[in-house]
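Contents: one structure, followed by commentary.
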Amino acid sequence: MKSNYDVIVVGGGHAGVEAALASARLNKKTALINLYEDKIATMPCNPSVGGPAKGIVVREIDALGGEMAKAADATALQTKLLNSSRGPGVWALRVQSDKEEYSKYMRNVIKKQKNLDLITKACTGLVYDDNKSVTGIYLDDEIILNAKAVIITTGTYLKSEILKGIDRYESGPNNEKTTKGISKSLIDLGIKLMRFKTGTPARVYRDSVDLSRAIIEPGTDMKLAFSFSTNTYTPIEKQQPCYLIHSTLETKKIIEDNLEKSAMYSGTVESIGPRYCPSFEDKVVRFKEKDTHQIFIEPETLNGDTWYVQGFSTSMPIEVQELMLKSLPGFENVRVKHWAYAIEYDCIDPMQLSPSLELKDVRNLFTAGQINGTSGYEEAAGQGLIAGINASRKIDGLDPIILRRDEAYIGVMIDDLINKGVWEPYRLLTSRAEHRLLLRNDNAETRLKQYGREIGLISDTEWEQYLIYVKEIEQAIKELKEIRFTPKSQLAINLKNKKQADLSHGYSGYEIIKIPTVDINELIEFIPSLQKLKTNQLQSIVIEIRFEGYVKKERQLVDKLVKLERKKIPLDINYSKVDNLATEAKDKLEKIRPLNIGQASRITGVNPADIQMLLFYLKKQYPLESIDD
């Protein structure tokens, strides 16, 4: 075994895989430490990728040069476009994944990747010097691996405990090993830890459930994919359906009669669980007025014999879980392969991180994923990619990649984590992004592909394909502006017959697209440049034309905000010397130590008056470093 690496990544989940691949692809000698060789990028909870905001993150990962989108496309059982009846700012792609094939795909990518070693041992601690600079890790056999940077992506394995009713025992997900020594190292380094919780529902045997009364939830009959490079699509007739059922009054009564047996309500658990993915008993307590709740029955893999009971996670003891399951319609004879459980684990306070995802007070140590207080595979993968990129760039002496809130949902997430902190597992939502009309599902490439190319993760071939992609959009918009249709044209007749539009005079194709009721597919046969475009390209054209005024106004606002990002705050500033700064603002600014005025303005507890005082102080004390208003 080698003993010296550039980058060591601890944990082979979704964050760890992206971090390790990014580092290795940037020519860094990289080690990925994982407890099991066959458990890479597993899906211990929901067997799906994407969804509102999260699906856009997957496309952002792809645009930057990550792997998740390709894996999700290659192993999709069903593909669905969500929120299509609403505004384009909240459209989102979601795939039901074959979890076994997804993990196998990522294992193969890891094994084939140059510069990357997979080491199946436990990390028992961090090696660091007296200056709080991490220099490597300890393995379970007391071997030391040296590194220039270490990235911790331990997910829910960090000092984790499984909870079922009053039963509580040390374990990782699915009764796998847990990781304990790293927590002690973090505490010894002065890093503040928190305790969070999540949970997962039961897996039930397919042949024990009758879904004849369930509502079928099919995929979307469109050529949809996460990755820019995906060119093959699973036809709708070959996609696997999901099913929708509802809990019953009996289910509710079982919960109410046994609430004190739940780990959540018996006092066994004091840690905080995810607000947007609550246990079923949580739903019953929090929404007392509701007698029933939605439950989705989802396939996990074509190679298996189980259903995933989405929306039915619980920390009830097994005997109560059985009653709960058998109260569901079609589940009267259900047999269970894996029971539901809650899991409690250590994570850090992310306000201790810099925007690069390196710890502020510990050099060469990066963290990504659920250890940073987030939930979800996509959030983890996005952080892992950024951590892997920035660890590599630090070794090369380059500035970190820091995505702004107007550039990416990944930027929104990291900015929220480091400036606002978390008090419950953080989940990305479209409502967290103030510029969501700019952060759309269709335009991840045009937002971020340039970054991916400059970083070094986009190949020459993919870059050439992207340039063609952009040129095709530009050519189509040009042609739409030039071509005109009279009221007697075949297009006008078609639109009138389908009650999409009544062209009373001559219109350009561009003007026709502006009509909200018009489907761009009606124009395809009349405009040659539209015929070769992908779904995402067509969506981009419609949105850019139809929402032209809104997009322009949003970009003007962003231009003003970017100026605040350029106003740097010196690292040696003493906030106690800033006159008329509120006490809370001083405390928060000192703790977070923002890099610029834009970041400072987004910190909870720092108000506009505080920012004005800070600007005044900077102009006075650092006249050569501050930027003019």
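Each Cβ is built from the backbone N, Cα and C atoms, and glycine gets one as well.
On a predicted model such as this, the values are computed, not experimentally measured, just so you know.
If you look up Swiss-Prot, you'll see G11, G12, G13, H14, A15, G16 marked as FAD binding site, on the strength of sequence analysis. Within 10 Å of the Cβ of G12 (FAD binding site) there are 30 other Cβ atoms, across all protein chains. Secondary structure at G12 (FAD binding site), taken from DSSP and collapsed to helix, strand or coil, is coil.
In this view, C277 (NAD(+) binding site) is surrounded by 19 other Cβ atoms within 10 Å of its Cβ, with every protein chain counted. When secondary structure is read from DSSP and collapsed to three states, C277 (NAD(+) binding site) falls in the coil class. Residues or ranges marked as NAD(+) binding site in Swiss-Prot: 273-287.
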- Of all the binding-site residues given, namely C277, E281, F287, which is spatially nearest to H14 (FAD binding site) at the Cα level? C277
- Query: Tell me, how many other CB atoms lie within 10 A of the CB of G273 (NAD(+) binding site), whichever protein chain they belong to?
  - Reply: 22
- Excluding G11, G12, G13, H14, A15, G16, please set out which residues of the same chain place their CB within 8 Å of the center of the CB atoms of the FAD site, keeping sequence order. V9, V17, E18, A19, N34, A41, T153, T154, G155, G369, A380, G384
- Message: If you compare CA-to-CA distances from G11 (FAD binding site) to each of the binding-site residues G273, R275, E281, V285, F287, which comes out shortest?
- Response: G273
- If you measure between the CA atoms of K283 (NAD(+) binding site) and G13 (FAD binding site) and round to the nearest Å, you get 29
- Message: Run through G12, G13, A15, G16 for me and report the binding-site residues whose CA is within 10 Å of the CA of R275 (NAD(+) binding site), in sequence order.
- Response: none
- Between G13 (FAD binding site) and S279 (NAD(+) binding site): CA-CA distance (Å): 23
- Item | Collapsed DSSP category at F287 (NAD(+) binding site) | coil
- Residue with minimal Cβ packing [other Cβ atoms within 10 Å] among the binding-site residues A15, V285: V285
